[in-house]
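> Sharing a structure with you now.
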Amino acid sequence: MKVSVPTEHFSTGSKVMHIVSAIAFIVAMVIMLFEPIPDSFAFNLHQSLGVVVLVIFAARIAWINWVGQPPAQGTQLQKFIAHSAHLSMYAISLGMPLSGLLISLAKAKDTVVFGMFTIPGFAERNSGLIEFAYQIHAFLEIFCYLLVAMHCIGTIYHQVALKDGTLVRMMGVKKNA
C-alpha cells in the first residue's frame, strides 16, 4: 500500500537516501583508489561504507514501494535510458557490497562495521568462492565508474542542454509563484 505518490518532486526520504548512499559509495570508491592494506582503518571504512550502501539500497526499495516516486518525464527514449540507468545503479548498489562482503566472508574473516557490530566470516576459507566474488566485484567496479560518469553526464545534459528541471525535481526546490 502506497502512502502517497509524489507528483512533481521526490520525497525527502528519497532525497536523503540518495545523497547518503551516493556519498558512502563515492567515499568507498575513493578509498580503494589508494589500495589500502587489508585490516587497515581505510579498508575497514571501505567495508563499513559498503554495508551502509547495502542497507540503504534495501531501505530505498522499500521506501519507493511504500511512498512511490514521481513519473519519469521526457521522450520514450529518455524514459528508457533513465529507467535502464536506475536499474543499473540498483544492480551496482546491490552487487558491489554483496560481492565485497562475500569476499570477506569466504576468507573466513569477520567484517566489523564501524566498530559497532560484526558480520562473522565463514568457518572455513573458500578459495573458489573468493575468486568468484572477486571477479564480480572487479567487473562491477569498472561498470560502476562508467555508470557514475554517465549519471553525472546525464545530470549535466538535463541541467544545461535540456533545461528541463530534472535536478530541481530531484532536489525539491520550489518554483517561485
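Backbone N, Cα and C define each Cβ position, glycine as well.
When I checked TrEMBL for this same protein, it listed these features:
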type	residues	note
DOMAIN	9-171	domain 'Cytochrome b561 bacterial/Ni-hydrogenase'
TRANSMEM	16-37	transmembrane segment
TRANSMEM	49-67	transmembrane segment
TRANSMEM	87-106	transmembrane segment
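Help me picture where these features are in the structure shown.
Along the domain 'Cytochrome b561 bacterial/Ni-hydrogenase' (9-171), the predicted structure has mean pLDDT 91.
Within its own chain, the transmembrane segment (16-37) is flanked in space by residues 10, 43, 45-46, 49-50, 52-53, 56-57, 59-60, 63, 93, 96, 141, 144-145, 148, 170, which lie at least six positions past its ends and keep a Cβ under 8 Å from the stretch.
With a cut-off of 8 Å between Cβ atoms, the residues of this chain six or more beyond the transmembrane segment (87-106) that come close are 21, 25, 47, 50-51, 53-54, 56-57, 60-61, 119, 121-122, 125-127, 129-130, 133-134, 136-137, 140-141, 143-144, 147, 151.
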